[in-house]
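Presented below is the structure to which this report refers.
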Amino acid sequence: MSFDLVLFGGTGDLAWRKLLPALLQAHRHGSLPAGGRIVGVARDDLSDAQYRDLIRSRFEGVEGDKQPSEDEFARFAELLHYQRMDLTQPADYQRLKDRLAERNADVVVMYLATAPQLFTVACEQLGAAGLATPHTRVVLEKPLGHDLQSNRAINAAVRGVWGERQIFRIDHYLGKPSVQNLLALRFGNALFEPWWRRETIASIEITIAERLGVEKRGAFYDQTGALRDMVQNHALQLLCAIAMEPPINAHADAIRDEKLKVLRSLVPWTDAALAQNVVRGQYGAGQLAGEPVRAYRAEDGVAPDSHTETFVALRAGIANWRWAGVPFYIRTGKRLAAHEAHIAIHLRPTPHPIYPTPLVCGTNRLVIHLQPRDGLALHLLAAASETRGVRALAEAPSLTPVQLDLDFQQRFGAERVGAYERLLLDVIAGRLNLFVRADEQEAAWRWVEPIMQHWDAQNARGEGPRPYAAGTWGPGAASALVARDANTWLEEC
Ligand code: BG6
């Protein structure tokens, strides 16, 4: 099957950091279908050869097994082509059309890795130029809009040109092997289903903590913030994977229907809940790995009086039979103490304790480690603390936490495929399972919008996010949020 992958934003940050490395890996692994062509599109005036040289420089200094050999890069470079385009100019789309007509590939993928302001015009122009044929697919990167209304406007523009089955909305968390495993764990094993519910589960924590700050994206991030950047999409998609009902099969719409039901069941916000159950923070100067780091407001591109949040912690609820009353805590932030994402499922204590000393955090929990480690840990209690001769054996031994560990990286190692590699291959093959449908996105925006409005009102009163020092776990109010339910975050256990 031949394909043309047209990479709008072909010299941009995303192509540079994620997409071209992922395509190179897919090519090295032999998983990219033969007969492919990658056409980088940007405004720069470059020839094919100059584009290849530029991309080659991307891989200089790459270490370890990600470093391609000369020969590997040379073979990959044969796929690379370049087309100069100004996305607002109709004539440039005609030139692209001529370029694509040279070979009439079986599948044409239009990957919009551009600034989101260009999505609408690019889709309209591609449609007007006759480039939205039935064998074309379009890939949209987040953020898809700034709020519900702008999200709907983009989706309307895209759907004016393509059918829903041709639209691939990326949430790269869905491509992560660890998230694949989460679904496999739940729906490939009978073991979990009987206790995957409110009767056994006391609370669920979803943490996506980053050590990184805003890097070179200060100007973008200052308009975005952690709620739009991470919660509306990645964190809510993880919540769906945890909370959804078993789909009737593994096809895209069966899975997406179930995720949508979860998003629609999220307990709507009230003023009281917004005041109590949402914490926003912004990092100040601090220390990370012994190095001083500057405050968010001192980052390039960030307003010195910015009220943008770099941290969010919230308590959500799901109003359905399986989950009623179970708190779902979501927490994400930049410049935190660790680079670590996990989902911790805390089980209820035994109904009638027969052993002494109830331990703090001593109940059973299942921790799904998403990154950088990728695996499962089942925390159990065992009677391991008694040793002969130290003291008289008690009638009932006190319990000690022990842990069953599974490390997927060790188990599957080199066979693992990275998130973008996986998603790009899915687009080329036309598999929609790991992509987000418009109605899911809308439901997620609908749920986060009251939080945005609540913060706008606070900002207008001069009340900004709570400060936290870089290198910590965020504002103390985040701990207070879970402590009100007599819970703790995983690292506090
Ligand atoms: C992106 C956000 O979607 O996800 C970034 O825009 C964030 O701000 C990134 O750093 C995190 O992704 P990952 O895969 O590194 O956890």
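Backbone N, Cα and C atoms are what each Cβ position is placed from, and that goes for glycine too.
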Residue from R43, R52, R56, R186 that TrEMBL also lists as binding NADP(+) with D86, L87, K142: R43
Residue from K97, K334 that TrEMBL also lists as binding substrate with H172, K176, E210, D229: K334
E210 (substrate binding site) versus R43 (NADP(+) binding site) - Cα distance in angstrom: 33
Binding residues H172, K176, E210, D229, K334 (substrate) - maximum C-alpha distance in whole Å: 20
Alpha-carbon spacing, D229 (substrate binding site) to K142 (NADP(+) binding site), which is rounded to whole Å: 8
Candidates near ligand 1 among the binding-site residues R43, D86, L87, K176, D229, K334, judged by a Cβ under 6 angstroms: D229
Length of the line joining the Cα atoms of E210 (substrate binding site) and H234 (active site, proton acceptor), in Å: 13
Greatest inter-residue Cα distance in Å for the NADP(+)-binding set R43, D86, L87, K142: 21
Separation of alpha carbons, H172 (substrate binding site) and K142 (NADP(+) binding site) (Å): 9
